[in-house]
Ligand SMILES: NC(=O)c1ccc[n+]([C@@H]2O[C@H](COP(=O)([O-])OP(=O)(O)OC[C@H]3O[C@@H](n4cnc5c(N)ncnc54)[C@H](O)[C@@H]3O)[C@@H](O)[C@H]2O)c1
Ligand SMILES: N[C@H](C(=O)O)[C@H](O)COP(=O)(O)O
């Protein structure tokens, strides 16, 4: 038997919404990973309805490179009672995608998997199926019973190797609620989580982190909004005292905060922060997706296991046509393997001291 350090990493891939492009990008990414030898030390388990995995494979195999689900281990959940209509938001597809995620999480909490890569789900389909969660992140955090979790997007530039990391302080809430939900307590929780993650998962002990303001021009001394003056600037000052090893920049005008990321993405040697903290969903995700839509990975931090996902959704407009690009899913798979490997190494080091 292999020693724990040499046994294959156990990675689950959850089906996602079978009416969308999730199973397609997963099987395409797996075909690339197989051909590039990326799975040599990894055992992949496909989680979800076996009928849906097979249907996707049979539909696409003559048109494009897709891996055969039969090449992988399976953790099965119930097949849908009726045919899933590609591109349609239905309760049936919502139920199938929810069960796949639930089963992947259960397998992880039982110790079967070290990482989960989730294919995208449609939140509206979950609602139709009676699952009121705003996203997969929230299900994962609840199931893992963690007090702190966060939605971090990671993307590596193919030109320079520089890594963009953006954490969202708030996620799936209406824009009008953002100023009420933001607070010094919430930001302290997210910032400390980010600092821990940078140290443990990315090996950065003394990071530079840039924090966005909320209002145009960061409030322009209170003339365009008061949050910066009233509490964001004092909060940041207190965080500088609390985390002296971290260089904290901000609160910076949000419209230009990610300019440094754009420059470091394209040109080697440009100085840019190790991570950005965005105050709300689209503030952080517009620059991330504009710069790196085919590269970025959504990873849930603060969990006792690794979870990654592509940065895109179910793309119902192109589902079933074989044209979905698998690069973001492949990046999610690669990051999951790298992070799970790091965690295993760290656990072994802790055992030996
Ligand atoms: N991680 C996730 O589970 C996740 C992430 C984002 C959105 N979603 C869900 O997906 C659904 C659709 O969301 P949306 O339309 O806002 O975003 P989307 O990412 O699904 O699509 C946005 C646009 O990008 C295109 N696109 C997306 N992925 C692509 C790919 N791999 N290759 C080629 N083109 C691609 C689509 O065709 C569409 O034009 C929503 O229900 C949303 O909740 C899920
Ligand atoms: N907010 C993410 C994005 O826009 O890409 C995505 O919806 C996250 O969804 P999950 O929590 O389901 O991963």
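One-based numbering along the chain as shown.
Using the three backbone atoms N, Cα and C, a Cβ is placed for every residue, glycine included.
Residues annotated as substrate binding site in TrEMBL: 137, 289, 298, 307. Within 10 Å of the C-beta atom of residue 307 (substrate binding site) sit 28 other C-beta atoms, taking all shown protein chains into account.
The divalent metal cation binding site annotation in TrEMBL covers 172, 217, 281. Sequence-distant contacts (6 or more apart, same chain, Cβ under 8 Å) of residue 172 (divalent metal cation binding site) comprise 123, 134, 135, 137, 138, 281.
All protein chains included, residue 298 (substrate binding site) registers 25 other Cβ atoms within 10 Å of its own Cβ. In this structure, the binding-site residues that sit close to ligand 2, with a C-beta under 6 angstroms from any of its atoms, are 137, 298, chosen from 137, 217, 298, 307.
The highest number of surrounding Cβ atoms within 10 Å, among the binding-site residues 137, 217, 289, is found at 137. Note: the Cα of residue 289 (substrate binding site) and the Cα of residue 217 (divalent metal cation binding site) are spaced 22 Å from each other.
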